[in-house]
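The next block holds one structure in the form of structure tokens; read it before the comments.
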Amino acid sequence: MSDPAVRLSGLSKSFGAVAAVAGVDLDIADGEFFAMLGPSGSGKTTVLRLIAGFEAPTSGRVELGGVDVTRLAPFERDVNTVFQDYALFPHMNVVDNVEYGLRVKRVPKAERRARALAALESVRLEGLERRRPNQLSGGQRQRVALARALVNRPRVLLLDEPLGALDLKLREEMQVELKSIQREVGITFLFVTHDQEEALTMSDRVAVFDRGRIEQVGTPADIYEKPVSPFVAGFVGTSNLISGEAAQAVLGREGTFSVRPEKLRVAGLDDAVDAAEHSATGTVSEVVYAGPATRFVVELDVGGRLIALQQNLQVSSMDVMGLRGTRVRLVWHRRHEFAIVSQEGVS
Amino acid sequence: MTPTATAGRTPRRRLTAFLHRHAGVRLSLLLSAPLLWLGVAYLGALAALFVTALWSTDTFTGDVVKELTWVNFQDLFTLDVYRTIALRSVGVAVAVTLIDLVIAFPMAFAMAKLASPRAQRWLVIAVLTPLWASYLVKAYAWRIMLSADGVLGWGYGLTATILTLSYLWLPYMILPIYAGLERLPDSLLDAAGDLGARGPRTFRTVVWPLTFPAVIAGSVFTFSLSLGDYITVKIVGGTSQLIGNVVYDNIGAANNLPFAAAVATVPVVIMLVYLAAVRRTGALENL
């Protein structure tokens, strides 16, 4: 197998007494769309800055394509970055911004212009070449930043919360577009986000960060459906944990278990339960109508609470609102419950 | 009858509400004091200066003759000594500005981009403290250092004047550049490095163009303060004279106020030319 595009080994970074990154090991394959997901302060952005070379690690190694770049300056590394604030040069127009990296590398003028225009075309910004960054919308600036990085054909493209500053509609559009651009250019994309939905929709694999460490690495489906810790279960999607006595009573087993809200079926108290299913009775304490779906908060009789998400296939808001206070049975298939190994060793 | 919202309000609250509703009145009230100051104290004084420059002095009685004449400006342009002094003054101002720029830029950069927030506060205080000390004390301190048996012992003259003025006006160059660099996002420096640019190129293509307006702001201070100075040159300048000395001597010893006014217009005109030239570069549009 060829060398991974990015290999981090034992990577740590401390700012004074604070360990921002505390021993990260990670391999990212060539051509992968990889997400680093975590709350703010979890160290994901610092890892990105260590890969780009803006920070030097306290210990550990950064390899790009099998070459140790730990001690190299940013301008010596074959990576480019899309910054959170885009970092477009305000005194240059769009095409000068995009050409900047090529001009530094002394690419001849004609080729430079042709490549810049092609890059702008690939992010659908034709016709805006002469605009200044302050004459562009947020989404357009984001695309210029993308074109400015991609035009250099880096080995790895680093994206720091690339969609964070966009409004919801634009963000969803750009999610799809980023994915298709990545497929087109075939460059490894490594992006940092605190938005779990963004990480799940776009990436081939996700690393979930917490307190400077990687909690779990896997495909979006792995992360979502088989979280290895309560933190991952809580951060990615809605935490729906059954533990302690409730677990003993409902599942007949010790430990902490997770079931995703959409896997739960809200049934009547006396509805039949299949042998392959588990169920628990409780009282609906809250009903939240959210357009396409409704969220039910159910206080279980055995203690604890579960949230069930039901598609509004045939019901309307009027029907579901009346369910508050009623007694229900939550039913789920056994294959949708997952035991969580707590890293603190509490369970 | 329904109670109205205005019932039971004091005149003060009524006035506040009136001002809230009338933005134009509010704005003119707020601006009246500064505009009055600018109009009367500043522009008025400048106008008085120009009018005085067009008067003359009776050579026998020493009285000011309030009739418009170009005679002062004719003297100014035809007598070699004044042209020499004007050029020398501009030379000193340019030298002081360049020296301050060379010292101030790295200092401001270190303060804004390299120092920790804590060190940054201390450095700003360190730059500001000399401004609290008397101008005269600082100038005489340099006189002592430059005197033949002083620490430096370089003697007096134009070089001494340039050195002392550079020291005196340095904070006025550091602070605007520091403020300009503070406004420059760190991510722009990262981005330049990320795109392959080394330090010198990042400076030339990103830092310098974006902080140029701040440099201009600083240079206006150092240039105009140097151009108008006459005390430092009296203290450490030896026999050399600058525009300021000519103004001073004509007000005092020569008792020729109109000619002093005419000489004083020279720095004003030079500054206007300088600002017009700067404006043509487009640097002020990014302010």
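Using N, Cα and C of the backbone, Cβ positions are placed for all residues, glycine too.
The transmembrane segment annotation in TrEMBL covers B:29-55 (among others).
Marked as transmembrane segment by TrEMBL: B:85-110 (among others).
Positions annotated as domain 'ABC transmembrane type-1' by TrEMBL: B:86-278.
Below 8 angstroms of C-beta separation, residues 107, 110-111, 115, 160, 163-164, 167-168, 170-171, 174-175, 178, 231-232, 235-236 of the same chain, each at least six residues beyond the ends of the transmembrane segment (B:122-142), sit close to that stretch. Marked as transmembrane segment by TrEMBL: B:122-142 (among others).
The transmembrane segment annotation in TrEMBL covers B:154-175 (among others).
Under the heading transmembrane segment, TrEMBL lists B:206-227 (among others). Only residues 6 or more beyond the boundaries of the transmembrane segment (B:206-227), in the same chain, are considered here, and those with a CB under 8 A from a CB of the stretch are 89-90, 92-94, 96-97, 100-101, 104-105, 109, 165, 168-169, 172-177, 179-181, 184, 188-189, 192, 197, 243-244, 267, 270-271, 274-275, 278, 281, 283-284, 286-287.
Within the same chain, residues 46, 49-50, 52-57, 64, 72-73, 75-76, 82, 86, 89-90, 220, 223-224, 227-228, 243, 246-248, 250-251 sit at least 6 positions outside the transmembrane segment (B:257-277) and bring their C-beta atoms closer than 8 Å to a C-beta of that stretch. As annotated by TrEMBL, transmembrane segment applies to B:257-277 (among others).
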Check your understanding: Any residues 6+ beyond the ends of the transmembrane segment (B:85-110) with a Cβ under 8 Å from its own?
Key -> 123, 127, 158, 161-162, 165-166, 169-170, 172-174, 177-178, 180-181, 207, 215, 218-219, 222-224, 226-227, 240-246, 266-267, 270
Revision key, fill the gap. Tertiary contacts of the transmembrane segment (B:29-55), defined by C-beta under 8 angstroms and 6+ residue spacing from its ends, are 19, 64-70, 72-73, 257-258, 261-262, 264-265, 268
Study note, to complete from the structure: Long-range CB partners for the transmembrane segment (B:154-175) (under 8 A, at least six residues beyond its ends), listed in sequence order, are 88, 92, 95-97, 99-101, 103-104, 107-108, 111, 127-128, 130-131, 135, 138-139, 142-143, 146-148, 218-219, 221-222, 225-226, 229, 232-233, 235-240, 242
